[in-house]
Amino acid sequence: MGVLVISLLVVHLLAFSVCVQGGYRRGGHHPGGHMGPWINAHATFYGGGDASGTMGGACGYGNLYSQGYGLETAALSTALFDQGLSCGACFELMCVNDPQWCIKGRSIVVTATNFCPPGGACDPPNHHFDLSQPIYEKIALYKSGIIPVMYRRVRCKRSGGIRFTINGHSYFNLVLVTNVGGAGDVHSVSMKGSRTKWQLMSRNWGQNWQSNSYLNGQSLSFVVTTSDRRSVVSFNVAPPTWSFGQTYTGGQFRY
């Protein structure tokens, strides 16, 4: 399987860096772990002490443990969720300006995996994070209930490649894209069969992307593009014998 990492203004047009198995040539790579300034917000928690109530969610990730996101997750308010386009993004948070409840000197990094619907703290235009309880308790005491925080976007560090779970049926391929490094938030996916041209997929919901082409019996390749306009192209991720319900692993962003 060959893997190309492309920095571009328009998908497939201008390549600045290439990553092939065993080698990497620098080009448009963005160094550093953080992607934006510190911004004021608030945070609460949900899901119980074992975070079991955080499973599923509006991003479509399902079991957050098996998908590799674990306890370090958050539901985002409307202002941050961006109708699901923020799914997979990573944020660093620290509790501030509340010495009674903040645990001094600690910060956490969480992945956006769910939506916090309007109502109370999550009403627009509030910037609000509803964290899993275990990760909340790393920066604040349980009894605090709600805390002021500062947050910033950071690059996601993932183990292994981007994962593609193929659901649906013939003429309806619904692909869940998970474990995305770098910016983390997928804004575009294209796919091709070994006998077809590249085709842009449409986002169905969360991070589920669909194609209505008949691709049975063909090896499948994918292009994943994140909000920073960087892309990873993974050739022949799924073999011709692929089947619905299975997960296949491709390349990964450099960070």
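Including glycine, each Cβ sits where the backbone N, Cα and C put it.
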C90, C102 - which one Swiss-Prot pairs with C95 by disulfide: C102
Could you pull the disulfide partner of C90 out of C19, C156, going by Swiss-Prot? C156
Cα-Cα separation of C59 (disulfide bond) and C90 (disulfide bond), in Å? 14
What's the CA-CA gap between C95 (disulfide bond) and C156 (disulfide bond) in angstrom, rounded? 20
C102 (disulfide bond) to C90 (disulfide bond) - Cα separation in whole Å: 21
